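To start, the structure itself, in structure tokens.
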Amino acid sequence: MRLVVVGAGGRMGQALIRAIGESAEAVLSGAVERQGSAAIGRDAGELAGVGSLGVIVSDDPLLVFAQADGVLDFTSPAATVEFAGYAAQAHIAHVIGTTGCSADDDAKILAAARHTAIVKSGNMSLGVNLLAALVEQAARALPAADFDIEVLEMHHRHKVDAPSGTALLLGDAAAKGRAVDLNENSVRSRDGHTGAREAGTIGFATLRGGSVVGEHSVILAGAGERIALGHMAEDRSIFARGAVRAALWARGRKSGLYSMRDVLGLA
Ligand SMILES: NC(=O)C1=CN([C@@H]2O[C@H](COP(=O)(O)OP(=O)(O)OC[C@H]3O[C@@H](n4cnc5c(N)ncnc54)[C@H](OP(=O)(O)O)[C@@H]3O)[C@@H](O)[C@H]2O)C=CC1
Ligand SMILES: O=C(O)C1=N[C@H](C(=O)O)C[C@H](O)C1
């Protein structure tokens, strides 16, 4: 499968180029960065530290998408919405790892999914998606009146969105287990005289610092006991390998918006 990496010069872009190189079923056919980026014109393999691959980083996504079967996209919400339009036009699979998308961005991505297969997830690792299934099960089993759910996350100092996409994915899994809507039941931050905790809410706490790749815990706190479920990402290759797997799964699949749990059979 011929894959394009957009945001090729980024932390995940470089990890994706390496992961494609390690796959027996995928080949890097193109790499894209934004206009004016210092990466334009460089060899994508050199950029990712794996030696020359003969793929030159371009600022023309339409041209590059026309010669590919799929695109791996870990960029920014605005860029992802633009790439979703181009991937739909080219009828190629679009794997989206970008987090921090607004409801309006998500509506545009859903519209693009009428024309091609899109896999979008706040976390592409096997471990986190298994964790989400476990969180859903725990939230279903434990009464909301007795157990308070809190989602904690820590990431590196460069991360620009909060809570993380993974924290929201885990919150969503907890809400699904409780058969409630996350948006109507979440507390995204606390400060000052907040009053006592409201039963049934799902709380979020965000830490940022250093080089932490990604750490998440979901705590279900009852009277006299606590259950803690968690995941620690030690290397970005876990997300990159998941993204390549998602692209291979999406190839030739009917148009629609899919999740990583669909890809892994954990839905
Ligand atoms: N779902 C998952 O499993 C994971 C998701 N992520 C998410 O992926 C995203 C990227 O993370 P990370 O790699 O750390 O961030 P980086 O900032 O390192 O990389 C993003 C890259 O995208 C580039 N970019 C932005 N806009 C465009 C554009 N219009 N055209 C081409 N390239 C563009 C940036 O260029 P420039 O620097 O010039 O702006 C940059 O090189 C984040 O939303 C993050 O949360 C991260 C890890 C795992
Ligand atoms: O920005 C990151 O780095 C990560 N982003 C994703 C998120 O927002 O959850 C996934 C991973 O935790 C790393």
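From the backbone N, Cα and C atoms, a Cβ is placed for every residue, glycine too.
Feature list (source: TrEMBL):
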{"type": "ACT_SITE", "residues": "H155", "note": "active site, proton donor/acceptor"}
{"type": "BINDING", "residues": "G7, A8, G9, G10, R11, M12, E33, G97, T98, T99, S121, G122, N123, M124", "note": "NAD(+) binding site"}
{"type": "BINDING", "residues": "R34", "note": "NADP(+) binding site"}
{"type": "BINDING", "residues": "H156, G165, T166", "note": "(S)-2,3,4,5-tetrahydrodipicolinate binding site"}
{"type": "DOMAIN", "residues": "1-124", "note": "domain 'Dihydrodipicolinate reductase N-terminal'"}
{"type": "DOMAIN", "residues": "127-264", "note": "domain 'Dihydrodipicolinate reductase C-terminal'"}
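When the recorded positions R34, H155, G165, T166 are compared by Cα distance to T98 (NAD(+) binding site), the shortest distance belongs to G165. As a whole-number mean, the pLDDT of the domain 'Dihydrodipicolinate reductase N-terminal' (1-124) in this prediction is 98. With a cut-off of under 6 Å between the Cβ and any atom of ligand 2, the binding-site residues E33, R34, G165 reduce to G165.
Broken down by DSSP into helix, strand and coil, the domain 'Dihydrodipicolinate reductase C-terminal' (127-264) contains 52 helix, 38 strand, 48 coil. Counted over every protein chain shown, other Cβ atoms within 10 Å are most numerous around G7 among the binding-site residues G7, G9, G165. Sequence-distant neighbours of R11 (NAD(+) binding site) (same chain, six or more apart, CB under 8 Å from its CB) are H158, R236, listed in sequence order.
In the vicinity of ligand 1, defined as a Cβ distance under 6 Å, the following of the binding-site residues R11, E33, N123, H156, T166 are placed: R11, E33, N123. There are 25 other Cβ atoms within 10 Å of the Cβ belonging to T98 (NAD(+) binding site). With G9 (NAD(+) binding site) as the anchor, the candidate binding-site residues are R34, H156, G165, T166, and the one with the nearest CA is R34.
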